[in-house]
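Quick look at what TrEMBL annotates:
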- 76-142: domain 'HMA' (DOMAIN)
- 164-185: transmembrane segment (TRANSMEM)
- 191-212: transmembrane segment (TRANSMEM)
- 224-246: transmembrane segment (TRANSMEM)
- 252-270: transmembrane segment (TRANSMEM)
- 408-431: transmembrane segment (TRANSMEM)
- 451-484: transmembrane segment (TRANSMEM)
- 767-790: transmembrane segment (TRANSMEM)
Amino acid sequence: MVMSPEPERHIDPVCGMTVQPESASGSWEYKGKIYYFCSTACLARFKENPERFLSAGAETLPMSEQAPKPELTRTTSTVIGISGMSCAGCAVTIEKALSRLPGVKIAQVNFATEEAVVEYDPEITPPEELKKAIVSAGYDVREKSADETTLLAAELKKAKTRMLVAWLLVVPAMVLMVLHLAHLLHLPMKLMTAIEFLLGAAVLFIPGWQVLKTAFGSLRNRSATMDVLIALGTIAALLSSLLVLAGVEVENLGRVAGMLMAIYLTGRYLEARAKGRAAGALRQLLSLGARTARILVDGGETEVPVNRLKPGDIMLIRPGEKIPTDGIIIEGTTEIDESMATGEPLPVVKNPGDEVIGATINTTGFIRVAVRRVGQDTFLAQVIRLVEEAQLKKIPVQALADRITARFVPAILLLALITGIIWFAFAPAFQPFLRRAHTLFPWVNPELSRLSLALFAAVAVLVIACPCALGLATPTALVVATGMAARRGIIFRSGAALQRLKDVRALCLDKTGTLTLGKPQVQEIIPLPGVEPAEVLKTAAALEQGSEHPLARAVLQRAEKQNLKPPAAENITALPGLGITGKVGGRPAWAGRLALLRKHGVDTTGLETLARSHEGKPGTMLFVALDSRPLGMLILADELKPEAPAMIAGLKALGIVPVMLTGDSRQTAEAIARQAGIEQVHAELLPQDKLELLGRLREKYRTIAMLGDGINDAPALRAADVGIALGTGTEIAIAASDVTLIRSDLTAVLAAVRLSRATFSKIKQNLFWALFYNLLAIPLAMLGLLHPVIAEIAMALSSINVVTNSLRLRRTPL
């Protein structure tokens, strides 16, 4: 039996909608293939720049054109949410536990975001083993969820409950103590001690159980964390009550044990609240998306959850409603509030064929939108993913804090032991010192027994040491900064890029599409004698088909405007910095700079005369030749972006030298530079010339940045210390860049630099405070001058101070 071939499935390459040839609104042949479109808007959009849509992914191509999927590598990466961490030492403990698993290549844990990123081989170590390793280290796994806000609120509620229960148990012990000291309550001393012991034990083993559990897990993994210090300090204080009951001459610190744990849990709760506020910008993005969408099904309107949308669905969106997911308008005109996505303060007019971003707000008109991206491919998901990746990656300045933290807790344990031994052995020798200190520190009691003094000082050393402040100094500032940047339309791909940006002393800028609008137009078509203008335009348009360069689009738009159908071209080769070559009608053709034509033996005498007659005028000259015969030239002009002069002036005010790098002619480059206020201009550069020039500029300025469009400037962006790419609406994941500006607004560069400098100013302040606090507090505790309760309060305040100082970044004017 002969099977009839399955009919070819056609997909609109713009919106992804399935299209039948007989019902399509239009079709267009490109590179020997026919594409069908659901609407004339999609057809017009495709004609404007076919490669943009064909390179978006195989899912938008006809099935017959889809490339086979590449084989997956064995190594994969995953992000795991963690709860129960108390300091940067906890992060080190979890990293050690994960790194011991055989299939794990890299394990990095971020204390501030409470997440681990693990690269591992799933065939050697299943994902369940990663979670088991975290749990066995004494921590809990928090499942990643779309509703992160709800999860974090639940965790904060648990922390608050632990804190309140702790104080409910501590307050009765404090009341009993006050009544006893005031002789208002007469209880036998042993009974009083027993009650204090029981209440203290209740605090440690009920609300404080998570702390003890984590501490035991850390010790089991041969790591030391803040929880270990608190556990040892509170247990030592609690055991003093048992020693008193056993008749040993020692101060009863049982009542202090519960208070220490209650203060610690209060500090943890306040710190968690502050950290939650630090990550608020990102969580706000997470909560922006719509929950449901109305789509067209069999001519009727149906409401479905957003997670059930698929490319090609037609969404119906009324004024005032959120746009459920990324798509393209196929019917209707409206204004969209994109402030949440791009930082654009004013609504943007959108017409059929324009892209819209999920979670933005339709303000005025009714529109029909074809779904283009869903799930993790949407603009919002990309932003969140890039920001999360930047927050998870550790930056160079964090290395110092990590090295100190890794050795900090073991050193404190040793110091506490040494302190206890010295006080126990030489307490009588310290009596005169303590009597003098009593006048300044009234809680110091020089008449205590040597065991009491030793226990008093050792516990104070244990509970006052604070690696948390060191561990939080850098990541909390980064979390605040990257979240602020995302709300402003600035995406940092790593914290290292944010760190390098503060040191930039020269910013190199491309001209076309960066300083200018990137929408050049053909101003003049100047043929040589005996040549028709249409022949010049058709030959150039034939060669430029398929190119993504703005000049190519301008040539094709002019040809379409004049109803000229470019002839077929073959063997097309783009020569960056020179132009383009190929065959038109079987004959060799060239379009580009004079150097390109000369290189291929074309007599350029007449073209040189034309060029001289137009010297000093703004515009780019595109010279055209066919079959070794010069035809003429096109003059294309582009407009300077209105915010460019203000941006250049802002750079100079920040001490950054603007430098223009362009492959365009010198007269065109200098004309644009004069309008923008740029003194340093390097024109007529080939791509390799740009790279060499970047090297020379680096020698002069040490740290340089490159601002470009991410497509034509990819090599230069990668070569610069910081590559800054201008995004194009929804296309933000530009691999060559370190920083992406979602909007093509040049002033965002100034905001990024200011934010970078402010962030690292805060990080320096945080590190100074954390180091200063520990260097001052620990010696005081070792000298027996700090009561353990005061020590614990100071420790909690030091961490909270670091987080709240990072939160002050939000006041930075950008």
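Here the Cβ of each residue, glycine as well, is placed from N, Cα and C on the backbone.
TrEMBL does not curate its annotations; it predicts them automatically.
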(message) Please identify the stretch among 164-185, 224-246, 252-270, 451-484 with the greatest number of Cβ pairs below 8 Å relative to the transmembrane segment (767-790).
(response) 451-484
(request) Determine which residues of the chain contact the transmembrane segment (408-431) at the Cβ level, with the cut-off under 8 Å and only residues 6 or more beyond its ends counted. (result) 89, 224-226, 228-229, 232, 446, 449-451, 453-459, 461-462, 465, 467, 470, 778, 781-782, 784
(message) If we skip the immediate neighbours and take only residues 6+ beyond the ends of the transmembrane segment (191-212), which ones have a Cβ under 8 Å from one of its Cβ atoms?
(response) 84, 86, 161-163, 165-166, 169-170, 172-173, 176-177, 180, 227, 230-231, 234-235, 237-238, 241-242, 244-245, 252, 254-258, 261-262, 264-265
(message) As a quick check of your reading of DSSP, tell me how many residues in the domain 'HMA' (76-142) are helical, how many are strand and how many are coil.
(response) 22 helix, 24 strand, 21 coil
